[in-house]
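Colleague: Grabbed the feature section from TrEMBL, which reads as follows:
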type: DOMAIN; residues: 4-351; note: domain 'Isopropylmalate dehydrogenase-like'
type: BINDING; residues: 76-89, 279-291; note: NAD(+) binding site
type: BINDING; residues: Arg96, Arg106, Arg134, Asp221; note: substrate binding site
type: SITE; residues: Tyr141; note: site 'Important for catalysis'
type: SITE; residues: Lys189; note: site 'Important for catalysis'
type: BINDING; residues: Asp221, Asp245, Asp249; note: Mg(2+) binding site
Amino acid sequence: MQKEIVLLPGDGIGREIMNSAKVVLDKVATLYNHQFTFHSHAIGGAALDEHGVPLPEEAVQACKTADGILLGAVGGKKWESLPPHLRPEKGLLEIRSTLGLFANLRPIKGFSSLLHASPLKEEVIKGSDILIVRELTGGLYFGKPSERREDGDAAIDTLYYHRSEIERVVDHAFKSAMIRDKHLTSVDKANVLESSRLWREIVEEKSKEYPEVTVEHVLVDAAAMKLITNPNSFDVMVTENLFGDILSDEASVLTGSIGLLPSASLNEDGVGLYEPIHGSAPDIAGKGIANPLGMILSAALMLRHSFELEEEAKAIEDAVQEALEQGYHTADLHIQNDGKQVGTEEMTQVVLNILSKK
Ligand code: NAD
Ligand code: IPM
Ligand code: MN
């Protein structure tokens with residue numbers, strides 16, 4: 001199989017972990033006889049430095065014709081005081097919006113060998129396996145542009161959703177539930193927000209098309225609590241953009257580290273951008289200690305969702321699992337010193353070695 005892959009490393013640890021995903025994909029290409037061609041483009045702070053904008057047009061064009069897109073992370077202190085349209089994060093929001101990537105899938109499944117690495121009790125997190133479907137191109141992040149103003153001491157962000165935006169992401173979540181445990185939790189703030197009342201109404205309507213799926217509505221504040229007290233009560237969760245952003249970072253605690261979690265952002269045509277859920281981690285950037293596994297697992301999601309290479313995706317996921325079972329881990333995973341704490345490159349090498357032995 002021949003595929004063109006766009007790499008958007010971005011900033012901070014994004015640049016360090018992107019190489020890990022690339023070499024793992026190179027290995028998969030060799031082992032399974034595929035041809036992956038990579039095209040790298042700047043985004044975020046790196047693009048501001050090189051081109052003066054957070055998302056250069058050439059990167060957009062490359063993404064539009066790519067078979068799959070991998071993104072590291074954007075952002076950093078250097079660019080924090082720039083005006084909103086020149087912030088690195090604007091580049092990321094723009095590429096999501098331009099490509100219509102409305103469904104952000106964030107699977108949160110702990111590795112059994114890491115149950116003890118979470119600050120939560122093992123008996124609470126054991127067996128948890130959640131898919132957060134986060135709406136990604138609307139809600140509080142995008143508002144209605146004409147209403148988003150900064151006016152002296154006041155600022156407005158609008159939580160606007162059109163019915164069609166909710167319908168498509170909710171439908172995606174129901175479809176995901178159908179191939180999982182057939183339980184959907186819709187998270188909203190319907191006791192306060194009008195947009196949530198519309199959201200809830202649409203979930204109820206849609207549920208008629210999926211009678212096998214049990215539906216539960218949970219208010220976002222209670223959901224935040226339940227996620228860490230009873231994570232096993234969730235299968236698929238669907239929610240608004242900002243709620244999903246916050247809840248997925250919280251859910252990462254179940255696994256032991258945010259550095260382990262991948263995500264897939266998909267549009268109507270199944271075109272996808274794949275990125276770990278964490279950020280550019282300025283506090284550890286440049287030290288060579290970032291966990292590359294969320295990025296590597298994002299590459300596996302690309303093989304599965306965009307290229308339909310299930311066997312190859314699974315091979316990567318199994319290799320990551322085995323590396324962790326063998327005790328290898330990066331510094332973000334708080335495991336008693338056992339001599340198997342490694343840096344980004346060594347962790348990547350361990351995964352490559354396991355893959356080669358398949
Ligand atoms: P962050 O996710 O970058 O870091 C939070 C904490 O987790 C830090 O202590 C960091 O060291 C740790 N961490 C994150 N990923 C790790 C990994 N792979 N390995 C080891 N440790 C890891 O969040 P933040 O500090 O709030 O944000 C930093 C910058 O990243 C900001 O500019 C923010 O806007 C940006 N950001 C970008 C993305 C993205 O590009 N998708 C996502 C989140 C935040
Ligand atoms: C994420 C990040 C982004 C978001 C930021 C950097 C715009 O936190 O991908 O989770 O909030 O969507
Ligand atoms: Mn986030």
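We count from 1, first residue shown onward.
Heads up, the Cβ atoms here are built off N, Cα and C, so glycines get one too.
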Colleague: For ligand 3, which among the binding-site residues Glu80, Pro88, Arg96, Asp245 have a CB under 6 Å from it?
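Modeller: The qualifying binding-site residues are Asp245.
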Colleague: Of Arg134, Lys189, Asp245, Ile289, the recorded positions listed, which put a C-beta under 6 Å from ligand 2? Please answer none if none do.
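Modeller: Within range of ligand 2: Asp245.
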Colleague: I need the nearest neighbour of Ala285 (NAD(+) binding site) among the recorded positions Arg134, Lys189, Asp221, using C-alpha distances.
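Modeller: For Ala285 (NAD(+) binding site), the spatially nearest of the recorded positions is Arg134.
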Colleague: When the pLDDT values for the domain 'Isopropylmalate dehydrogenase-like' (4-351) are averaged, what is the result?
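Modeller: A mean pLDDT of 96 is what the model gives the domain 'Isopropylmalate dehydrogenase-like' (4-351).
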Colleague: Rounded to whole angstrom, what's the largest C-alpha distance between any two of Arg96, Arg106, Arg134, Asp221, listed as binding substrate?
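Modeller: Max Cα-Cα spread across the substrate binders: 27 Å.
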Colleague: For a Cβ distance below 6 Å to any atom of ligand 1, name the recorded positions from Glu80, Arg96, Tyr141, Ala281, Ala285 that qualify, or say none.
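Modeller: Ala281, in sequence order.
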Colleague: Using CB atoms and a 10 A radius, I'd like the single residue among the recorded positions Arg96, Arg106, Arg134, Lys189 with the highest neighbour count.
Modeller: Arg134
Colleague: Reported as an integer number of Å, what is the Cα distance between Ala281 (NAD(+) binding site) and Arg106 (substrate binding site)?
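Modeller: Each residue's Cα considered, Ala281 (NAD(+) binding site) and Arg106 (substrate binding site) end up 19 Å apart.
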